[in-house]
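Below: the structure, in structure tokens.
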Amino acid sequence: MEINIVFIVILIVILSAGFVSAGDIVHQDNVAPKRPGCANNFVLVKVPIWIDGLENTEYVGVGARFGPTLESKEKHANHTRLALADPPDCCSKPRNQLTGEVILVHRGNCSFTVKANVAEEAGASAILIINNQTELFKMVCESDADVNIKIPAVMLPQDAGSNLENHINNNTRVSVALYSPKRPAVDIAEVFLWLMAVGTILLASYLSAWTAREVAIEQDKLLKDASEEFLQVGSAGSSGFVDINTMSAVLFVVFASCFLVMLYKLMSFWFVEVLVVLFCIGGVEGLQMCLVALLSSFRWFQRFAESFIKVPFFGAVSHLTLAVCPFCIAFAVVWAVYRRISFAWIGQDILGIALIITVLQIVRVPNLKVGTVLLGCAFLYDIFWVFASKWLFHESVMIVVARGDRSGEDGIPMLLKIPRMFDPWGGYSVIGFGDIILPGLLVAFSLRYDWLANMNLRAGYFVWAMTAYGLGLLVTYVALNLMDGHGQPALLYIVPFTLGTFITLGKKRGDLKTLWTQGEPERPCPHLQLQPLQQKD
């Protein structure tokens with residue numbers, strides 16, 4: 001099991017280290033030229049459709065760099081009849097007389113500004129331009145174009161335009177409205193996502209610290225009665241934990257970057273299917289460990305948790321593990337099959353949280369030095385692949401991979417997500433596993449240290465580290481909303497808060513040297529008292 005978990009940890013961190021998003025409706029573009037009359041942001045536009053007076057469907061287009069801005073509320077948007085352009089490209093004066101209709105035209109044969117000027121002169125109140133492909137295209141201005149345009153211009157994808165053309169050709173009355181609603185300053189989904197992230201680290205830290213304290217108490221008891229034979233055998237045993245060292249923390253950046261680029265280049269439907277399978281494997285193991293730990297705390301299940309049976313390829317497995325394993329597998333399979341339905345995010349979050357908790361129990365930061373190197377490398381990695389990668393790949397590699405672009409899927413599964421409940425654009429608020437796992441390793445280390453040093457909450461480091469993480473994540477969401485929903489490298493804000501608080505407090509209290517090198521307080525070694533008894537005559 002440990003091998004699988006470590007593999008999944010590496011995969012998760014590589015995929016999702018430091019990305020939060022709410023979906024962006026405003027597209028900044030520093031390449032497309034701006035000048036007076038041609039300085040609009042590229043905003044998404046809602047285009048509801050009415051057929052013979054009955055509301056039918058709604059399409060999404062993109063506004064142009066030129067023209068007036070659109071209404072932000074549907075109740076202020078006018079329902080206007082839609083007319084076909086004749087000629088269809090609207091590069092010359094239409095043959096049909098317009099009296100305030102919205103004109104539907106085809107892309108091509110002349111510039112966007114020419115089409116808009118011709119439509120305005122013909123009496124149209126707005127122009128809808130059908131793209132020649134399913135994607136949307138940014139409509140910009142030529143250097144010598146007349147941009148004194150008084151009507152809004154919106155581009156629609158090819159399939160939407162074809163449907164509207166078919167309705168009009170069938171002699172049905174088609175009317176449309178154009179508006180671009182703004183996102184709310186804060187959506188309740190972000191509050192719940194913040195609570196999920198903080199709560200997951202809180203629970204995982206307590207489980208990790210409790211396990212470490214139980215192991216330390218057991219070792220002390222055994223060492224008091226230890227013999228030389230026991231010490232030799234015990235030293236060769238395995239603790240069941242994976243301690244990260246400085247070298248592996250540095251190599252993280254190299255391997256993570258290589259794997260991220262591979263995902264970016266190979267992103268497709270089948271590749272996302274592979275990621276779904278890997279996520280399910282990790283989710284099953286995580287859910288199984290969490291359920292076994294939970295049920296073992298009840299007296300009725302302790303007997304099953306302490307009795308074992310030998311299973312081929314897996315070794316000794318408790319009866320309780322065998323009992324919960326089919327349920328965990330079934331849960332993951334059902335989620336994988338029905339993951340495209342509207343409430344499948346609940347199953348994804350359950351599997352993800354269980355996996356994160358398990359990872360934070362097994363993988364540990366042994367001291368503050370390793371934690372600093374790990375988070376420092378992740379900090380640089382996050383910033384580069386969210387922001388700086390645009391200079392090399394002309395788009396943010398981290399965001400493209402997280403969204404699952406070119407795969408036909410609604411993002412990769414290695415994310416916690418909650419639907420945006422009061423957002424007119426819908427979508428999900430998401431946070432990558434790495435934004436929880438990486439700082440969570442340091443927070444869990446702080447609580448282990450506190451418990452081993454017998455510190456209370458006020459005198460310890462855990463409350464400060466937990467508070468710093470919560471504040472860092474809160475600042476991340478503030479930045480997210482200030483940036484109109486553009487994906488943010490969460491570790492850019494979380495690492496300075498968490499790591500800076502820990503180091504500053506350790507230096508002030510005089511514990512920094514112990515935290516930096518040893519990672520745990522000095523404890524007496526009971527077996528040293530037995531050394532004289534081990535001497536032979």
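Yeah, the Cβs are placed from backbone N, Cα and C, and that goes for glycine too.
Worth saying up front: this structure is predicted, and the values here are computed from it rather than measured.
What TrEMBL says about this one:
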| type | residues | note |
| --- | --- | --- |
| DOMAIN | 87-164 | domain 'PA' |
| SIGNAL | 1-22 | signal peptide |
| TRANSMEM | 191-212 | transmembrane segment |
| TRANSMEM | 244-264 | transmembrane segment |
| TRANSMEM | 270-301 | transmembrane segment |
| TRANSMEM | 313-337 | transmembrane segment |
| TRANSMEM | 343-363 | transmembrane segment |
| TRANSMEM | 370-388 | transmembrane segment |
| TRANSMEM | 425-447 | transmembrane segment |
| TRANSMEM | 459-480 | transmembrane segment |
| TRANSMEM | 486-505 | transmembrane segment |
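Taking Cβ pairs closer than 8 Å, the transmembrane segment (191-212) reaches residues 293, 349, 353, 356-357, 360-361, 364, 416-418, 429-431, 435-436, 439-440, 443-444, 446-448, 450-452, 462, 466, 469-470, 473-474, 477 in its own chain, all 6 or more past its ends.
As a quick check, the transmembrane segment (343-363) and the transmembrane segment (459-480) miss the bar of 3 or more Cβ pairs under 8 A, pairs 6 or more apart, so the two do not touch. Same-chain residues lying 6+ beyond the ends of the transmembrane segment (459-480) with a Cβ under 8 Å from its Cβ atoms: 20-22, 186, 190, 194, 197-198, 201-202, 205, 435, 439-440, 442-443, 446-447, 449-450, 453, 486-488, 490, 492-498, 500-502, 505-506.
Using a Cβ-Cβ cut-off under 8 Å and counting only residues 6 or more beyond its ends in the same chain, the transmembrane segment (313-337) has close neighbours at 1, 276-277, 280, 283-284, 287-288, 291-292, 295-296, 301, 304-307, 344, 347-348, 350-351.
Per-class residue totals from DSSP over the domain 'PA' (87-164), listed helix then strand then coil: 17 helix, 14 strand, 47 coil. By number of Cβ pairs under 8 Å, the transmembrane segment (425-447) is matched best by 486-505 from the list 244-264, 270-301, 370-388, 486-505. For the transmembrane segment (486-505), the residues of the chain that approach it from at least six positions outside its boundaries are 17-21, 24, 28, 368, 371-372, 375-376, 378-379, 382-383, 385-387, 396, 398-399, 402, 431-432, 434-435, 438-439, 442-443, 446, 461, 464-465, 467-469, 471-473, 475-476, 479-480, 512, 515, judged by C-beta separation under 8 angstroms. If you average pLDDT over the domain 'PA' (87-164) in this model, you get 88.
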